[in-house]
Amino acid sequence: MNIHYEKDVDLDVLKDKTIAVIGYGSQGRAQALNMSESGLDVVVGLRKGGASWEKAKTDGLTVLTIEEAALKADVIHILIPDEIQEAVYEAAIAEGLEEGNTISFSHGYNIHYNYIKAPKNVNVTMVAPKAPGATVRREYEEGFGVPGLVAVEQDYTGNAKEIALAMAKGSGLTRAGVLETTFKEETETDLFGEQAVLCGGATELIKAGFQTLVDAGYQPEIAYFETCHELKLIVDLIYKQGFGGMWHDVSNTAEYGGLTRRDRVITDESRAAMKEILKEIQTGKFTREFALENQAGAPMLKRMRAMEDDLQIEKVGTKLRKLCGLQK
Ligand code: NDP
Ligand code: MG
Ligand code: MG
């Protein structure tokens, strides 16, 4: 495994180059501000009339339309939502590309699944911070950074990797360490992680645990603390010191109970489902489904959002988080 740190990476490859960050949301704001404060020449490309325009201006950055930014820049870093990248690329970015430019992403989705078809005479790269944008920014401001990934799908100029690494350094990622990957690996593992474990798996596990206690007649507030609130404390321990550190810090009762019972919760059936979920990602089945959903105006997603809002755990949780001062 190749890991790059601060001292291994030179910003010079981006000297005299302009980077257009397209989008100023979670990742766009963080990466644009970090790279700019690292001394790189950054402009932001946005649609007129959107909320981001004033925000980026207020932050002191140069704001152009997406077309102008794509035309002006040498590196076009596309940080708008994945499901609209293809349309925006075709309408406002493709025309501005010149031989030897670099188009860059923080997630491999649109390149790996062929929604964006880049011309042969540009670099195609990825710089992916492994944290939400707000954390990318906060860590940088505190003089550190979050870990990240870089990948090169197409190396036209012969130094595409150096360009991606320099951008990673500009965003503070080499302070924590930058790993090399491929578009395929990053895209497929990222989708799998968020579906099976991080966003999908974790919420379903919490829901099931909460419901078991409530159905058995325990107070919902107590059930919330035991199955949701405390999960963060456990994950924090694992994050910092691994399973070993976590098992060491919890009681022997928790350690014995957890180790003897956990495979009755995540069963062979769950493992088989994980393999199936991964297959759907690898074959493009998931991506096709999501594209159709978006074409139809996201009806399923809207319905599921409403159902999620309606969950008892959400109502109890909102109340408790306010009482504890965790949420306004
Ligand atoms: P956001 O949803 O935060 O992006 C919002 C930005 O996109 C705004 O500036 C918005 O402008 C602009 N935008 C939205 N719709 C359009 C449109 N139709 N035309 C032009 N601009 C539009 O994106 P994220 O930062 O979450 O994601 C960006 C990329 O980073 C994705 O590839 C994602 O997978 C990746 N990524 C995201 C992470 C995260 O923490 N969120 C983590 C790692 C990678 P306006 O104000 O005008 O609406
Ligand atoms: Mg993701
Ligand atoms: Mg307990």
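Keep in mind that glycine also has a Cβ here, set from the backbone N, Cα and C atoms.
Please treat TrEMBL annotations as automatic predictions, because they have not gone through curation.
The domain 'KARI N-terminal Rossmann' annotation in TrEMBL covers 1-181. Under the heading NADP(+) binding site, TrEMBL lists Tyr24, Gly25, Ser26, Gln27, Arg47, Ser52, Gly133. What TrEMBL records for His107 is active site. Feature annotation from TrEMBL assigns domain 'KARI C-terminal knotted' to 182-327. Annotation comment: TrEMBL describes Asp190, Glu226, Glu230 as Mg(2+) 2 binding site. Marked as Mg(2+) 1 binding site by TrEMBL: Asp190, Glu194. Among the features that TrEMBL reports, substrate binding site is placed at Ser251.
Feature annotations (TrEMBL) mapped to structure.
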| residue | record | Cβ contacts under 8 Å, 6 or more apart |
| --- | --- | --- |
| Tyr24 | NADP(+) binding site | Ala32, Val44, Leu46, Ser52, Lys55, Ala56, Leu79 |
| Gly25 | NADP(+) binding site | Ser52, Leu79, Ile80, Pro81, Gly133 |
| Ser26 | NADP(+) binding site | Pro132, Gly133, Ala134 |
| Gln27 | NADP(+) binding site | Leu79, Ser106, Pro129, Gly133, Val136 |
| Arg47 | NADP(+) binding site | Trp53, Thr65, Ile66 |
| Glu194 | Mg(2+) 1 binding site | Gly200 |
| Glu226 | Mg(2+) 2 binding site | Gly209, Leu213 |
| Glu230 | Mg(2+) 2 binding site | none |
| Ser251 | substrate binding site | none |
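Taken in sequence order, the binding-site residues Gly25, Gly133, Asp190, Glu194 that lie near ligand 2, meaning a CB under 6 Å from one of its atoms, are Asp190, Glu194. Annotation for Asp190 (Mg(2+) 2 binding site): same-chain Cβ neighbours under 8 Å, separated by at least 6 residues, are His107, Gly108, Ala128. For ligand 1, the binding-site residues lying close by, meaning a CB under 6 A from one of its atoms, are Gly25, Ser26, Gln27, Ser52, Gly133; the full candidate list was Gly25, Ser26, Gln27, Ser52, Gly133, Ser251.
Gly133 (NADP(+) binding site) has a Cβ environment of 20 other Cβ atoms inside 10 Å. The average per-residue pLDDT of the prediction over the domain 'KARI N-terminal Rossmann' (1-181) is 97, rounded to a whole number. Residue environment of the residue listed as 'active site' contains 20 other Cβ atoms, counted within 10 Å of its Cβ in all protein chains.
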